[in-house]
Amino acid sequence: MAQTSTEAPALRLTDVSKSFGVVNALTKVSLEIRPREVVGLIGENGAGKSSLLKILSGNQTADSGTMELRGRPVTFSSISQAMSNGVAMVYQEQSLLPNVSVAENILLGNERGAVRDGFYRWKQMHRTAQRHLDEVKSGVSPSDITDTLPFAQRQMVEVAKALATGDGSPYDPVILLDEPTSVLESGDIETLFSVIRRVKEHASIVFVSHRLEEVLEICDRVYVMRDGEVVAEVDPAEADVDQLFRLMVGRDLTSGYFREDLSTEPTPDVRLAIESLTGPGFSDVSLGINRGEIVSILGVQDSGRENLGRVLFGALPAAHGSVRIDGERVGLRSTRDAVARGIGYLPSERKIDGAIMGMSVADNMTLAHPDVVSTLGVMRSRRVREVADEWIRRLAIKTSGPAAEMVNLSGGNQQKVVLAKWMLAPDLRVLILDTPTRGLDVGAKSEVYAILHGLAAKGVSIILLADSLEEGIYVSHRVITMADGKVTGEFTSRPGNRPSRTSLIERML
Amino acid sequence: MPTSSEVTPVVEVEKGRRPAGSTTRSAKRGERKGAAARVLGFVNQKGLTPAIVVVLMIVVFWAMNPSGVTLNTLSTLFDQSAALLMLALAQSLVVLMGRIDLANSALASFLCVLLVIWLNTLGPIAIPLVLLLGVAIGALQGWVHMYFQIPSFVVTLAVSGIVGGAGLIASGASAVSLIQNFELVQWFYESPGGIPLAFVIGAAIAAVLAFFVAKTARGRTLKAIGSNQRATAYSGIRTTVTVVLGFALAGLLIGIAAIMTVGQLGTASSGIANSLLLPSIAAVVVGGTAISGGTGGPGRIVFGALIIALLRIGLDIIGVPQEFQPIVYGVIVIAAIAITVNRSRTLSVV
């Protein structure tokens, strides 16, 4: 058995099905995860990725089909059972206890020798934790209190915790990473990738992501899921983003994922002129953006790009510098000033800053520009409905209607409502978007790109704080890099003349 | 400047991309509900539950003590609930914004004392003065709360202490009585043609406020702030101005409550309206406004206030001693909040 284990897949699923009532979440899914490889798992929301992860991690059990762990059939009836077999999941929303030490978190539920007679043996605990922290090259100390660490470091702790589940077993662990990069900045993603490459020397990794570029970069094999089935197994060396995207959405698109086909040339007149703007976390930024131009800004966390966006919208005070729109100076004293000057802003935290979940789709859409639907400050119900209906139709928002509460919409559709809030402005001139596609599935992302190209074609100038290098490169006309609060580079980006990843990363670090 | 209807479609996004999403609408259409469920759904959606509760309560009290429920008691009911209704309306605006006003009844008591003293000394000008002072104190509370980022319950709790003390000082710690100009405030409690004027005025004010919140752009921002202040600010709305306005409006309503109270009693003391704090909060939550802000509003308060006033009278009718009544309000507030609060966020299971 021990001999064959090196050959046998770490995990093999055969004809696994799972349904909830009448909904088939998984239909006869067969796949294998081999030792020491990174397996990508992609699919649109609802394709079955989450159900599959839940079954692999012991959160749910399959209705039918078999699961084999290193050649022997198993069923995981609980998360702890999966963990004691060396299968551990790193959740998208982190699952660490905030107020205890890193070591306690790493060994939580898996203490083994680190607990005797119900008491922690701290030395042993710290030793074990340190070993796993070293494996992920984390500089964090086992005694650090978890919630004092930044997000990216906590995620490394989660990976270390997943590695620790392999301790009790003679085999290498299987680590399930559920969208690990969705809230990481570019620099942290590079770090995570180097950790994944290191860890896979003695572990199998399942990598779930909506970022197709990353999947191609890090995975050895990719399974594509659609409607509860595995529809393809792809070799990343022979695939590109468009191809993966087509497999996921299940139809042949004439246009690509980034919708470059909709891109139009900006007109040569300057719409937004930023001069020596200094604010919290950035300084001396000068930038001119033409009508109909999409400029993406790339930078790691604390590069200053988020605050630049907020200052331009009047949500944070500027220390000095000036901003002009169509030649006129903009005050930037409040968000209200900005809105009055035709600036729109889409915050990165959709659920906290973007959408008002308790209000209707129509109310959300008309919040920033009530004048469009009101007479003398009184809102006209019919007009509200008409306008909301119109935008639901134009942006193909999936909802039961204008009166539907925001909370009932999917993430992508919520984001479209927030976009509509600015698009229905009588005179939208500049739209600033802070990572508008973060957390959306690829179909919704592609739709957002289409909307941005459409707005640019209408003369709106767009500042896109891109969520990934590729998004920045392919959706915009120009890419700006920022690091430590300064602009460090400027690259023209046109079909056939795109900046390279490495040249951008160089300027971002 | 083109209006939105003249803008040609900027993008065409292909429809029907995901078959999964398109099921939502057809599923909804295909839903079959029983008649009872439909009626209940309608009642719930239109916020009619409190109205039905009022009718049921009257029926129950009448069944328990037929001789206790007369036109006379009903008229007393409306008179008694007028001031409560004003305070509940004031509270509802604040609660709608996701805040709470714990100074509301103390401020009303203070304004009652000043109104009596000023009517005795200054004459008719006392009425606009009291209303103005209510607005000013309300606005000041809102501003302190927003500018210094102090939670509203702290600011208003402190203010309730301040105005309580000020009322004691102004009244010389004893009851003050109107010696002239009673007619300026008493007319509230006339009932031309059997219609209790105070309550009708209260209901009319409630209707205006309901319109303000539901139908005006400014009013809607109160709701938006109560739902999500950050997203409201990110929509270019001045949140501080809006909150100050909400508190100022509440102050105005509290001033009206003071006028009604003095009109009914002809006398005032520094604690005259204090017992109305809990009932005012109870009326808001029983009326279906979520204590967490964002939903409900003044439109639902009328019946909330009636329910609370009915409870007071009803408990008398069926012989529940006075001292038990605050206990009943306390239980009701907790029960009503337990029903209306949104617990979906705390129920997170991996």
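Each Cβ is built from the backbone N, Cα and C atoms, and glycine gets one as well.
Annotations in TrEMBL come from automatic prediction, not curation.
According to TrEMBL, the features are:
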COMPBIAS  B:1-11  compositional bias 'Low complexity'
REGION    B:1-30  region 'Disordered'
TRANSMEM  B:47-65  transmembrane segment
TRANSMEM  B:77-95  transmembrane segment
TRANSMEM  B:125-146  transmembrane segment
TRANSMEM  B:153-175  transmembrane segment
TRANSMEM  B:195-214  transmembrane segment
TRANSMEM  B:235-260  transmembrane segment
TRANSMEM  B:272-294  transmembrane segment
TRANSMEM  B:301-320  transmembrane segment
TRANSMEM  B:326-342  transmembrane segment
Which one, B:47-65, B:77-95, B:125-146, B:153-175, B:235-260, has the most C-beta pairs under 8 Å toward the transmembrane segment (B:272-294)?
B:77-95
May I ask which of the stretches B:77-95, B:195-214, B:301-320 has the most CB pairs under 8 A with the transmembrane segment (B:47-65)?
B:301-320
Determine which recorded stretch among B:77-95, B:195-214, B:235-260, B:301-320 has the most C-beta pairs below 8 angstroms with the transmembrane segment (B:125-146).
B:235-260
Restricting to CB pairs under 8 Å, which listed stretch, B:77-95, B:153-175, B:195-214, B:235-260, is in contact most with the transmembrane segment (B:301-320)?
B:77-95
Restricting to the same chain and to residues at least six past its boundaries, which positions have a Cβ under 8 Å from a Cβ of the transmembrane segment (B:153-175)?
99-107, 109-110, 113-114, 117, 137, 141, 144-145, 267-271, 274
